[in-house]
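What follows is one structure encoded as structure tokens, with my remarks underneath.
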Amino acid sequence: MDAPFSSSLSSDTLQVLTPRRQVRRGGSSRLTEQRAIAQRAEQDRRKASERKRDRREQTVAEQATRPIERSARRQRGYLIEDLIEAYLQDQAGGNRSPKTIAWHRISLKLLRVFLREQQGIETIEAVEAADLSAWFLHLRTTPGKYGKQRTARTVQSYARSIRAFFHWVQRQGILEDDLFKQVTFPKAGRPLVQIITEEEFERLLQACTPPGKREIGPLADRARTRNQAILWVLYDTGIRVSELTSLSLGRVDRKKGVLTVLGKGSKEREVAMGRNCQRYLYYYLDNYRPGEEELAEWGNAGDDHVFLSETRSPLTKDGMEMLFKRLKKRSGITGKRVSPHILRHTFAVNYLMNGGDIFSLQQILGHEDIATVRHYMHMTNAMVQDQKRKYSPGDHLSKHMPGPRVTRRRGFRASRKHHQEPS
């Protein structure tokens, strides 16, 4: 006997039955619910497909209108003032030092004021190579902030800042051409590096002792010992003034005789000290640097800076400048600058004169580019020639040697009596 009709139908077949046939099979409520679920799923699928199609059409429309928007924005122009702020913000985000950002801000302000007041330019697209050349000339021919004429190195420094800014603008896709390829970049001759002689360094050490009987006592001894330690560290290591003022106790390794300094770009490096430098520095730290109780009384508890001021606070760059002005006046040195940077130059020259090589000097000074220290090599060569002239064997012969003598009218003229041709 054949099976009942209902048993021969699969579940898939039951789902597509009409409502009337579903009622006949006795599953009206269950099949109606399944149908509703299927309808909702179909509606969701259609809505998702429509949203996907709308997003695709919107993307195509945006891509089609983007060149038009870019062109319209170019016509309006990018304000130089807005780009400067964006550039400085990018520099700050790149962890550039506050000093570097301040340098860019000053340079860019000078350019912006010149373009607006002298050239009538507000947007970056309107700047041409001739405008940059005119700005370089303006910097050279007009006085600076304090009424003094700007040096060639100052003009070149401003130009380097502006070049970095325009390269950044070009990387943003705002400018297509490099304007600095169309202008002559300002040149600056390298000035003669001044150094401190050994005799002048001894005079600076003696100047650390305040003159007069009124300036004696524990505080005067502390100032003298601290100042002598500062001079020795700068003279013997060549570190920067910012590296010295930020030096902490934990960065002084007495076992190795090494200072760990924080240089430009937050880069650390180790600098070795000589025996004399260590002796003066450790004597100051062990006997005269304020202790924790004294620092707490002055409200500076826990300060670990090596060199402290009279107020028991970290010694600053301005404080160092005032200190060296006093030392120069007391020492009687004239005709040259006396500053921490001059001691840095002195270290570099003496290092090469004593047999050091230029590559290790680059590492000690913390320079990234070897070209930065090459001028020390040129200076040592000139000093060698001066020493040769001073101690020339030919000029220190005790016996007078016959030869040409100097006359006012003809210069060198051979002596008839004593002249001998060199063999």
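Using the three backbone atoms N, Cα and C, a Cβ is placed for every residue, glycine included.
Here the structure is a predicted model, which means the values were calculated and not measured.
For reference, TrEMBL has these:
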- 1-16: compositional bias 'Polar residues' (COMPBIAS)
- 41-59: compositional bias 'Basic and acidic residues' (COMPBIAS)
- 389-398: compositional bias 'Basic and acidic residues' (COMPBIAS)
- 406-423: compositional bias 'Basic residues' (COMPBIAS)
- 78-170: domain 'Core-binding (CB)' (DOMAIN)
- 191-389: domain 'Tyr recombinase' (DOMAIN)
- 1-68: region 'Disordered' (REGION)
- 389-423: region 'Disordered' (REGION)
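Within the same chain, no residue sitting at least 6 positions outside the compositional bias 'Basic and acidic residues' (41-59) brings its C-beta atom closer than 8 Å to a C-beta of that stretch. Mean pLDDT of the predicted structure over the domain 'Tyr recombinase' (191-389): 89.
Note on the domain 'Core-binding (CB)' (78-170): DSSP counts are 69 helix, 4 strand, 20 coil. Taking H, G and I as helix, E and B as strand and the rest as coil, DSSP gives the compositional bias 'Basic and acidic residues' (41-59) the counts 19 helix, 0 strand, 0 coil.
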